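Colleague: One structure follows; several queries about it will come next.
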Amino acid sequence: MSEDAVKNAILIAGPTASGKSALAIRMAKATGGFIVNTDSMQVYGVLDLLTARPSRADLAEAEHFLYGHVPPSSTYSTGKWFEDVEALLGRCELQGRVPIFVGGTGLYFRALLGGLSQTPEVSAQVRDHWRGRMEAEGAKALHAVLCVRDPAIAAALQPSDSQRIVRALEVLESTGKSLLEWQKVKGRALVDDQSAQKIVLRPDRAWLGERIARRFSAMWAEGAIDEVRALLALDLDPALPAMKAIGVREVSAFLAETMSREEAIERSVIATRQYAKRQSTWFRNQLGEDWRVYASGEEVFQGGSFRDPQ
């Protein structure tokens, strides 16, 4: 543990649509704390609705940081998020207050508690080489290359995950070592693992599935089409993370008149449910036993299980 690691933090993890944001606001009001985004998609601008960022009403109830601060034309890494959190925690006006980290990105929580893996920088020449090959040959072809050169990490990556495939190849060529080996070398933590309150929401699967369907229908009604239209107007590289947000492809197909409204909503709901399942599986398998599991945010406050860390 780093000597300057925050000792009064609250961490709230869980799948999308599980009620994390409402719980974070309630805790912020109870503790006088502030909320820090711990979700890799909610950092991007433009997609307020599709990434389920806090509403204007939510923002009025508690201070929120690191939401929508990254242009969708950028690629934002776990390392950059770590740097932004470190700078945020160092701000004088926030000293002594409770930081409440809330989101669904497991790697962000891992970075907070275990420190960020010390992966190396790669040269521009190596980066340009592999990104050029990715553009020319595609993700599946480079995944096949990775299967030969580094089968262990290739097995852990989806053949369509172009960003991580390129990163693995870059690191291997630059250092002669697998990215998996570099990931074992940990840096410092920003949050003290022992004193942090660690909460993971694990709602009933049927309840979550229904909530996801209702929420996406509401997103559509509230302006998700306009968000995607604005995103497409930027003429961005389809490989950028913001372009891969759930709902972007489906709404784009609707706008192009190649998919009906009903099918676009149905496919988006299915994709969101699948994503929630992957998140739940990751949290179940990767988080330590000291994370307290609750079915809902309301349950956290029942029976006196919540304690003010101040």
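Every residue, even glycine, has its Cβ placed from backbone N, Cα and C.
What you are looking at is a predicted structure, and each value in this text was computed from that prediction instead of being measured.
Feature annotation from Swiss-Prot assigns ATP binding site to Gly14, Pro15, Thr16, Ala17, Ser18, Gly19, Lys20, Ser21; the stated evidence is sequence analysis. Residues annotated as substrate binding site in Swiss-Prot: Thr16, Ala17, Ser18, Gly19, Lys20, Ser21. Annotated region 'Interaction with substrate tRNA' per Swiss-Prot: 39-42, 163-167, in sequence order. What Swiss-Prot records for Thr105, Arg127 is site 'Interaction with substrate tRNA'.
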Colleague: Given the binding-site residues Thr16, Ser18, which one has the fewest other C-beta atoms within 10 angstroms of its C-beta?
Modeller: Thr16
Colleague: Residue list, the region 'Interaction with substrate tRNA' (163-167) vs rest of chain: Cβ under 8 Å, 6 or more residues beyond ends.
Modeller: 75, 130-131, 134, 139, 142-143, 146, 157, 179, 239, 241
Colleague: Could you tell me the C-alpha distance between Gly14 (ATP binding site) and Thr105 (site 'Interaction with substrate tRNA') in angstrom, no decimals?
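Modeller: Cα-Cα, rounded: 9 Å.
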Colleague: Measuring Cα to Cα, how far is Gly19 (ATP binding site) from Arg127 (site 'Interaction with substrate tRNA') in Å?
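Modeller: Gly19 (ATP binding site) to Arg127 (site 'Interaction with substrate tRNA'), Cα-Cα distance: 39 Å.
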Colleague: Would you identify the secondary structure of Arg127 (site 'Interaction with substrate tRNA') according to DSSP, in three states?
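Modeller: Looking at the DSSP assignment, Arg127 (site 'Interaction with substrate tRNA') belongs to a helix.
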Colleague: For Thr105 (site 'Interaction with substrate tRNA'), identify the closest of the binding-site residues Pro15, Ser18, Ser21, judging by Cα separation.
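Modeller: Comparing Cα positions, the closest of these binding-site residues turns out to be Pro15.
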Colleague: Have a look at the recorded positions (Lys20, Arg127) and report the one with the fewest Cβ neighbours inside 10 Å.
Modeller: Arg127
Colleague: Work out how many Å separate Pro15 (ATP binding site) and Arg127 (site 'Interaction with substrate tRNA') at their Cα atoms, rounded off.
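Modeller: That separation, Cα to Cα, works out to 33 Å.
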Colleague: Please list, for the region 'Interaction with substrate tRNA' (163-167), how many residues fall into helix, strand and coil according to DSSP.
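Modeller: Grouping H, G, I as helix and E, B as strand yields 5 helix, 0 strand, 0 coil.
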Colleague: What other residues of this chain sit with their CB within 8 A of the center of the CB atoms of Gly14, Pro15, Thr16, Ala17, Ser18, Gly19, Lys20, Ser21, the recorded ATP site?
Modeller: Gly104, Leu201, Pro203, Leu208
Colleague: Applying a 10 Å Cβ distance cut-off over all chains shown, what neighbour count does Pro15 (ATP binding site) have?
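Modeller: So the number of other Cβ atoms within 10 Å of Pro15 (ATP binding site) is 25.
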Colleague: Thr105 (site 'Interaction with substrate tRNA') has how many other Cβ neighbours within 10 Å of its own Cβ?
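Modeller: The Cβ of Thr105 (site 'Interaction with substrate tRNA') has 20 Cβ neighbours within 10 Å.
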Colleague: DSSP says what for the region 'Interaction with substrate tRNA' (39-42): how many helix, strand, coil residues?
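Modeller: Result for the region 'Interaction with substrate tRNA' (39-42), in helix, strand, coil order: 0 helix, 0 strand, 4 coil.
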